[in-house]
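Colleague: Right, I'll just put the structure down here and ask away after.
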């Protein structure tokens, strides 16, 4: 994939000579295995919680409820706070560890932070695969959650900083692509291990998380740290050497000097979180926060966490429910590839708006089918309607995978100005994990109380977020990061009113705008 030099995106901005070098591609692929691990953890939990042997050992109350057809409601058979805690504890731990990850990313670098994430993943995998009681199982999930916190802070940052401008969006989405591959891998594993006699198939499902954990650990030992990180830590010559290596050219002096100046300006900001709350930074903060909340309230994680449980609830047999979740996982992967191809061509807003229509209609159709055909104590959904439900779920998943999934992370990484990029990314990750935890902890109870109305609940949120995109989200395609204020925020019909603020730090904003670095966002080096 090597090629000739290219300039920055059309329409202005500082131009740097750069090639798409093999080391960039290899480094990004290795780093993005953090997403593979994250996806596997998301997918595997729903599969094992639908396995009778797993439920019998750790959640006997739920196991008995699934067998008692006389008193059980289809929608409530898995409603159990302990079972939900097994899934959600990972995200609560991720939320907490993000604060520590922000420090290590700044002080130790992106590469070592990814290594720490890999070690946490390996420890968590060992605890889960060898679990003898619920406490051991939850400890394993907490360790995995710590890995998620460190990986989610370092990997997107690494990808954006090492990528040339022209493919920044596509390489950033590589992380999300690996998340979807991890979910598919987990669904395939669960489908196979559910057939193992002897009641130990769930251990294999949880233990195979060691494969992506090992890949991330190995990758973090092989890749080089980003020039941004090295320069930020005062290792200027090493940073220059790495920059020359990843850009594939000797003409790196302009970009190097800009990175040095960007680092200097960023260090002048003593209170990035306080700076984040100033009026001129409010649009970026509101949009980043809203995107994370909306991403979770599409309902996607409810489906990804509990796909086998959900399909089992809808009347599918055990094998059929796991098979259906494999299908949705495959659709998730293929649709994310659509985003990789189109995000830097058609833009962010178009993908989000089209997906909003698709997700809204598919969820309404699912709610109508279940409302009419699936009652609390009915034996099963008729085959034709069951197939239609799977098709609608796949329609929903595909729309999310090329829109809210990757763009929920990409857009915040592009919009924060230099002096608040650190604090902004930390807030972004924390809000995402907080609402991921909320949905994971509440979904099975919501399913029990709302029944088919759960899909109407999420479709209502999809309508709200689509209106938000239509009126309040500006397009950031092909806009250099250092020019966002001038070319995006000051020209937006609503947000421009916040850009007339000249309170303390305005000089830094103007300086950062001139010397900002377009080759990636730097969410933790300026804390």
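Keep in mind that glycine also has a Cβ here, set from the backbone N, Cα and C atoms.
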Colleague: Looking at 83-104, 171-192, 237-258, I want to know which stretch TrEMBL calls transmembrane segment.
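Modeller: Going through 83-104, 171-192, 237-258 one by one, TrEMBL gives transmembrane segment for 171-192.
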Colleague: According to TrEMBL, which stretch among 350-372, 488-510 corresponds to the feature transmembrane segment?
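Modeller: Result: 350-372 is the stretch TrEMBL calls transmembrane segment.
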Colleague: Between 52-71, 112-131, which stretch does TrEMBL give the note transmembrane segment?
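Modeller: It is 112-131 that TrEMBL annotates as transmembrane segment.
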Colleague: Based on Cβ pairs under 8 Å, which of the stretches 20-40, 112-131, 426-446 lies most in contact with the transmembrane segment (137-159)?
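Modeller: Comparing 20-40, 112-131, 426-446: 112-131 has the most Cβ pairs near the transmembrane segment (137-159).
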Colleague: Tell me if the transmembrane segment (452-473) touches the transmembrane segment (350-372). I count contact as 3 or more CB pairs below 8 A, with pairs 6 or more residues apart.
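Modeller: Yes, these stretches are in contact.
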Colleague: Top stretch among 112-131, 171-192, 321-343, 426-446, 452-473 for CB pairs under 8 A with the transmembrane segment (384-405)?
Modeller: 321-343
Colleague: Would you kindly check 112-131, 321-343, 426-446 and say which stretch has the most C-beta pairs under 8 angstroms to the transmembrane segment (171-192)?
Modeller: 321-343
